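Over in TrEMBL, the protein carries these features:
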| type | residues | note |
| --- | --- | --- |
| DOMAIN | 7-55 | domain 'Galactokinase N-terminal' |
| SITE | Arg26 | site 'Transition state stabilizer' |
| BINDING | Glu32, His33, Ile34, Asp35, Tyr220 | substrate binding site |
| BINDING | Ser66, Gly120, Ser121, Gly122, Leu123, Ser124, Ser125, Ser126 | ATP binding site |
| DOMAIN | 90-177 | domain 'GHMP kinase N-terminal' |
| BINDING | Ser126, Glu158 | Mg(2+) binding site |
| ACT_SITE | Asp170 | active site, proton acceptor |
| DOMAIN | 280-361 | domain 'GHMP kinase C-terminal' |
Amino acid sequence: MKHNLQQEFQKLYGTEAQHTFFSPGRVNLIGEHIDYNGGLVMPCAITLGTYMLTAPNNDGVLRFKSVNFKEELEAPIQNSYQKDGDSWFNYPLGVIHYFVKGGTAVQGLDMLYYGDIPIGSGLSSSASIEVVTAYAFNELFKGGFSKLELVLMAKKVENEFIGVNSGIMDQFAVAFGEENKALMLDCDTLDYEAVDSNLGDYLLAIINTNKPRKLAESKYNERVQECQTALKELQLELDISNLCELTVPIFEQFKHLITNPTVLNRATHVVAENDRVKQAAKALAANNLAEFGKLMYASHNSLQQLYEVSGAELDAVVEYAATDKNVIGARMTGAGFGGCAIALVKKDSLDSFTAGLTEYYTAKVGYAPSVYSSLIGNGVGELHEAVIV
Ligand code: ADP
Ligand code: MG
C-alpha cells in the first residue's frame, strides 16, 4: 500500500506538516563480528528508512503517532522523561529526554513517523528513528549539536533509555551515510573513510529471512568471550590489544598458541574478515564489483563455517544467490541467526531473482522471505518534496 505522508498527516492532525525529515536504515556491506575486536566495518545507508513529519501546535504538548504502530502518545513538555513500558514511542521520547536535559527549549509539536524499512529485522530501524528525531529536534529547536553529537546522543538512547547494549556503527552509518559511498569505519576511534561504491547496473537486494533473531544475543556474548580467550593466548607472545591488529601472515605464524580448535576458528574468521574489509575498499574504489562480490561470498562462508553465526535460512538465501547468474555477490549481514542477507542483483533482474529465491527458500525453510530493493543512499536530512512511499 502506498502512503501519501503529507495527506496522512493532514488527516490525523487536521493541519499541514511543516517539515519532513528522513533518516535511512543501514546494512553492513562487509566486516561482520569484528567491531568488538578493534576491526573495521563497512556499512552504508540504504534508501529505505524512517520519515518524520512535523508541525508546531499551540497546545504545548508533544504528540507522537506512527503509521506503523497503533499506539500513540501525547506528552506534556517536561524537564525529563522516563521509559514507558515497551512502546515504540520510547525511542523518540528518549531522544527528547536528552535534548531537554541538555537545556534545549522545546515547544509543542505534532509528529508522524513512517518507516518503509522492515522493523525489527536488523536493518536498524531503531537507529533510524532515533537519528531522525535527533536531527529534527536539533533543527527545529536550535539544539546546536554537531552531527557526531547527535549520533552519540542516539546511541545513548539505545543503550541507556531503551537498554539495548549495542555499538556506534548503526547510528553513525544512518547519520553520515552518503549516496554511492560505503563507510569504512573504525568503531573505536570513529575514524572513517567514505569509499566510492558505484553499483552501476546492480542494486542492493535486502532479503529478510523473516526468522526471529532469538539466539542472537546469547551467541553474540559467547563469541565476544571466545575472541577474548584467543587474544589472551596470543598475548603470551605478542604485544597486541586486539585481534584485528594482526595481519593474516602474522596470525598464521602465532595461531598455534590458541589451544581450543573452536576458538582458533573464531580468531581465524576475525583476522581474515578484517583483511577482507580492506580488500573490499580497494575493489570498490577500483569499480571492481566482481571482486567485491567474491569477498561477500567469502565473508559469508567464513561466518557460516568458522564463526558459526549463520543458519539454515541465511544460508539458503546465499546458496540460491550463488546459482543466479544475475547476482554478483551475497552474504548474511548483521549479527546473524536470522535477520537479513544482502545480494548485489542486476537491476533488470530483481523480479526473476525474487521469484527464484522465493521458490527455493520456501521449499527449504517452509515460509517465504521478503525481498526489498535498495541503493546506497544518503544519511539523515530534511526533504523538501512531498513523500509518497
Ligand atoms: P531493528 O533496529 O533491527 O529494526 P529493533 O528491535 O532494534 O530492530 O528496533 C525496532 C523498534 O524501533 C520498533 O519495535 C519500534 O519500537 C521502533 N521503531 C522503528 N521504526 C519505527 C517507526 N517507523 N515507527 C515507530 N516505531 C519505530
Ligand atoms: Mg535496532
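Here the Cβ of each residue, glycine as well, is placed from N, Cα and C on the backbone.
Automatic prediction, not curation, is the source of TrEMBL annotations.
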Neighbourhood of ligand 2 - binding-site residues from Asp35, Ser121, Gly122, Ser124, Tyr220 with Cβ under 6 Å: Ser124
C-beta crowding around Asp170 (active site, proton acceptor), within 10 angstroms: 27
Substrate binding residues Glu32, His33, Ile34, Asp35, Tyr220: largest Cα-Cα distance, in Å and rounded to whole number: 12
Cα-nearest neighbour of Ser124 (ATP binding site) within the listed recorded positions, Arg26, His33, Tyr220: Arg26
Close-lying recorded positions around ligand 1 among Arg26, Ile34, Ser66, Glu158, Asp170, Tyr220, where CB distance stays under 6 Å: Ser66
Chain-internal residues near Ser66 (ATP binding site), provided their CB is under 8 angstroms and they sit 6+ positions away: Glu72, Trp88, Phe89, Leu112, Tyr113, Tyr114, Gly115
Site extent for ATP (largest Cα pair distance over Ser66, Gly120, Ser121, Gly122, Leu123, Ser124, Ser125, Ser126, Å): 20
Alpha-carbon distance [Arg26 (site 'Transition state stabilizer'); Asp170 (active site, proton acceptor)] in Å: 7
Whole-number Å value for how far Gly122 (ATP binding site) lies from Glu32 (substrate binding site) (Cα to Cα): 13
Secondary structure composition of the domain 'Galactokinase N-terminal' (7-55) [DSSP: H/G/I, E/B, coil]: 10 helix, 25 strand, 14 coil
